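A short worksheet on the structure shown next.
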Amino acid sequence: MVEVSTPVKWLLRVLAIGYVFLLVAWPVSTIVREAFADGLGTFVEIFSDEQAVNALTLTVQVAVQAVLINLVFGVGISLLLVRYEFPGKRVLSALVDLPMAVSPVVVGLSLLLVYNGRDGWFGEHLEKWGVQIIFSGTGMIMATCFVALPLVIREVVPVLTEIGDDQEQAARSLGANARQTFLRITLPSIKWAVVYGVVLSLARSLGEFGAVKIVSGNVANQTQTATLLVEKQYQSFDQAGAYAVSFILAFVSVLCIVVVSILRPKEHSK
Amino acid sequence: MATATLDATARPTPPPRRRAGARSTLTAGSSLGLGIAVTWFSLLVLIPLTAIVATSAGRGWSGYIVTITNPQTMAAIQLTVGQSLLVTGINIVMGTLIAWVLVRDRFWGKSVLDVIIDIPFALPTIVAGLVLLGLYGNGSPIGLDWAYTERAVMLALAFVTLPFIVRTVQPVLEELDHDVEEAAASLGAKRLTIFRRIILPSLAPAIAAGAALSFARAIAEYGSLVLLSGNKPFTTEVVSVRVLSFIENGSTESAAAVASLMLAVALFVIVVLDVVQRRVSRRG
Amino acid sequence: MSIEVTNVTKKYGDFYALDDVSVSLPTGQLTALLGPSGGGKSTLLRIIAGLDTADSGTVAIEGTNATRLPPQKRNVGFVFQHYAVFKHMTVAKNVAFGLEIRKTPKAEVKRRVGELLELVHLSQFADRLPSQLSGGQRQRMALARALAVEPTVLLLDEPFGALDAKVRKELRDWLRRLHDEVHVTTVFVTHDQEEAMEVADEIVVINHGRVEQVGSPDQLYDEPASDFVMGFLGEVTRLGPVRLRPHDVEVATSPGRAGAIPGTVTRLLRVGFEVRLQVQLGDEFGTGAEPVSVVLSRSHARSLDLELGSKVWLTAAVGAVTVPAMIAV
């Protein structure tokens with residue numbers, strides 16, 4: 001490896017740390033100061049405020065369901081994309097990345113156009129059968145699924161590709177059927193990738209804002225998630241409340257990436 | 001965290017032994033699985049996105065043009081594209097630099113820096129806006145009150161797009177063959193020449209992919225701007241905010257028209273990614 | 001016959017991996033599928049195992065038509081070039097896998113695994129993970145794993161290809177001895193003719209998706225059916241109108257024998273116990289023609305007093321295997 005000279009090394013180091021510090025570390029740390037400005041007082045208030053508790057509960061419910069759906073879908077589609085050949089595979093493989101690049105606002109609008117009960121493509125009929133998607137939990141789960149869709153796939157596909165299908169073929173030749181091969185060989189090999197995918201999806205799902213804002217209707221105590229509550233609190237000059245809820249969300253999301261970064265090196269040493 | 005990672009080798013390319021082309025190797029069980037997966041994917045993603053294109057065409061070509069060329073919409077598009085390009089430019093320089101420092105430098109606290117890079121990815125966007133307000137808003141401890149200005153838009157976009165280039169370049173830089181650099185050095189190349197002629201060309205596809213993702217994300221951003229930019233028409237209103245105000249006013253056709261432009265950018269970026277990934281994996 | 005392959009064809013796009021291949025492999029024998037890389041031998045093995053499917057043709061294993069059977073129903077043992085160990089399981093668990101799938105009682109599994117690890121000399125590594133084993137040990141484990149299910153046939157795909165030369169040689173001898181003990185019908189793929197000659201009872205030479213010749217190692221060496229087989233099984237040189245092995249060229253320092261072709265020694269190389277010569281023939285055989293390669297023992301070379309520039313007369317040895325040389329060599 002070609003070494004850079006010491007002054008250049010220091011310059012690069014200072015630039016990198018300085019940029020990340022000013023853009024991320026310092027701003028994020030202000031939230032701790034703001035949230036604990038009154039000690040634990042604000043948190044006591046938050047957890048006794050019915051609206052906040054409902055918003056946090058709803059957020060967890062929506063996120064957990066969306067993550068479970070994306071887990072099953074993500075692992076399944078990863079297996080199909082890596083282990084099988086079929087016409088249209090390349091297109092499908094590119095399209096599953098699409099949600100990464102689509103604006104949450106566009107996601108919300110697109111679901112609204114198809115599933116709203118008034119004039120949506122499917123929504124109108126679904127409404128007649130008594131199924132409401134927009135302005136209900138179902139729509140919020142779908143919006144969350146949409147935005148977090150590629151996360152599991154992007155973790156699992158590289159690992160599946162890397163481990164190859166040798167072990168699976170060996171299992172088949174030893175008499176294991178498809179289900180046994182998946183449960184005993186494939187799943188243990190992709191276990192960590194699945195865990196990362198799930199943790200990251202969870203972080204993304206808990207924090208979803210734009211798409212959920214559009215499809216939920218944002219009704220307090222019913223379809224108002226934690227992120228929507230933060231916006232409302234801030235706009236109604238309840239800064240302390242906004243910072244307290246934000247702190248809870250930020251804490252969980254930072255916890256998620258710390259968990260992933262601690263788990264990850266384990267895999268290398270194995 | 002490799003969520004935003006473009007892993008050159010990570011795409012599902014068919015194993016070389018089976019040059020099966022478009023032939024299917026699906027079994028009965030996997031066909032059923034594919035059927036269910038594609039149905040769900042269509043209901044969730046493809047049909048809704050198609051609905052945007054269909055709805056935007058609802059008022060015909062001239063209606064579409066009128067919506068897009070409305071001065072307030074044009075201002076939003078100009079602002080969004082301008083700031084997104086600016087931020088992508090910053091990311092190309094800073095992202096590559098940070099990736100370099102993370103891979104080639106060693107210092108106390110480097111692993112912390114590595115984790116912090118991922119925070120913008122995991123942090124809820126509304127919270128991101130709020131924390132940036134804390135440092136760069138009214139009452140800023142460093143005296144930079146950028147709230148409700150163009151600077152605020154840039155700041156928010158720079159925050160949410162930070163991980164993309166870092167995380168696409170980092171793995172490529174790690175895999176880079178040191179022998180090649182040493183060979184170049186032994187042939188008399190200076191450090192800067194080695195970087196420009198040897199390292200940079202190998203990083204270029206990763207930088208391109210990261211830049212594409214970062215541009216797409218910047219164009220798409222909504223949550224972090226809501227509190228920070230003030231959404232003032234003609235000054236700080238970005239495209240996504242414009243779409244949302246169309247939705248709130250009930251003019252879904254206008255919303256769909258603007259959204260279709262954003263969708264086109266997203267599709268373009270996905271195609272770029274696909275091409276870059278294939279080129280990189282072919283180079284092997 | 002243990003394995004009957006009939007009229008099997010396999011295409012990848014326009015490329016014929018196997019072109020109407022029929023071959024019978026006898027029960028209890030150790031057969032080598034020998035040929036250059038990309039010749040189709042691995043494809044044939046994988047089709048026998050059910051890991052690939054033939055476009056047309058049939059495969060029968062011990063009289064049962066297995067053409068449409070999935071791999072898990074064929075009762076074959078397969079050993080992969082890169083071992084395909086189950087990385088997350090211990091050595092014992094790897095070997096036990098097939099038995100557990102077959103719902104064999106625990107005590108029985110334990111006993112069988114013990115026996116097999118004994119057989120492959122890995123007993124002391126039972127509780128290790130495969131990552132803690134060397135390449136040769138991993139391959140022995142993979143072999144034990146394949147044998148655990150008491151397969152009708154044992155298939156090995158370039159089993160020693162990823163190992164270094166010394167370990168390769170050891171494992172090769174060991175496989176031969178193992179086969180003499182276990183007597184399971186065994187087919188292995190190799191591109192190394194020495195490996196095939198040393199280990200196999202019978203060799204099937206495959207090239208360009210076709211069977212070139214089937215026979216014992218001696219038959220193949222002594223009566224090659226084609227130029228290709230002759231060339232693949234050992235070094236070949238051209239002497240006038242025929243092609244033959246370099247050690248079958250007789251060297252004389254005087255034009256005594258009838259039909260002897262004169263030439264000049266242009267290179268002389270001693271490698272261990274043998275001496276290799278290159279002899280440039282006279283102009284009447286075409287200037288710029290390939291020089292003839294000759295191998296002789298060191299003592300023989302010394303007795304002829306050969307050195308660079310020596311004038312020599314070459315003939316084919318009596319009883320040498322020769323094939324007519326093609327016009328353009």
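Using the three backbone atoms N, Cα and C, a Cβ is placed for every residue, glycine included.
TrEMBL does not curate its annotations; it predicts them automatically.
Per TrEMBL, compositional bias 'Low complexity' is recorded for B:1-11.
Positions annotated as domain 'ABC transmembrane type-1' by TrEMBL: B:77-274.
Residues annotated as region 'Disordered' in TrEMBL: B:1-24.
Sequence-distant contacts of the transmembrane segment (B:32-55) (same chain, at least 6 residues past either end, Cβ-Cβ under 8 Å): 26, 252-253, 256, 259-260, 263. Taken from TrEMBL, the feature transmembrane segment applies to B:32-55 (among others).
Taken from TrEMBL, the feature transmembrane segment covers B:75-103 (among others). Through the fold, the transmembrane segment (B:75-103) approaches residues 68, 110, 113-114, 117, 150, 153-154, 157-158, 161-162, 164-167, 169-170, 173-174, 203, 207, 210-211, 214-215, 218-219, 233-242, 258, 261 of its own chain, all at least 6 residues removed from its boundaries and within a Cβ separation under 8 Å.
For B:115-136 (among others), the entry in TrEMBL reads transmembrane segment.
The transmembrane segment annotation in TrEMBL covers B:148-166 (among others).
Residues or ranges marked as transmembrane segment in TrEMBL: B:198-220 (among others).
Residues or ranges marked as transmembrane segment in TrEMBL: B:255-276 (among others).
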Ask   = Hey, which of B:115-136, B:148-166, B:255-276 has the most Cβ-Cβ pairs under 8 Å against the transmembrane segment (B:198-220)?
value = B:255-276
Ask   = Excluding the flanking five residues on each side, which residues at least 6 beyond the ends of the transmembrane segment (B:255-276) place their CB within less than 8 Å of a CB in that stretch?
value = 6, 49, 51-53, 55-56, 58-59, 63-64, 67-68, 73, 77, 205, 208-209, 212-213, 215-216, 219-220, 239-240, 242-244, 246-247
Inquiry  = Within the same chain, where does the transmembrane segment (B:115-136) have neighbours whose Cβ lies under 8 angstroms from its own Cβ atoms, ignoring anything closer than 6 residues to its ends? I mean 6 or more beyond.
reply    = 1, 3-4, 98, 102, 142, 144-147, 151-152, 155-156, 159-163, 166-167, 221-228
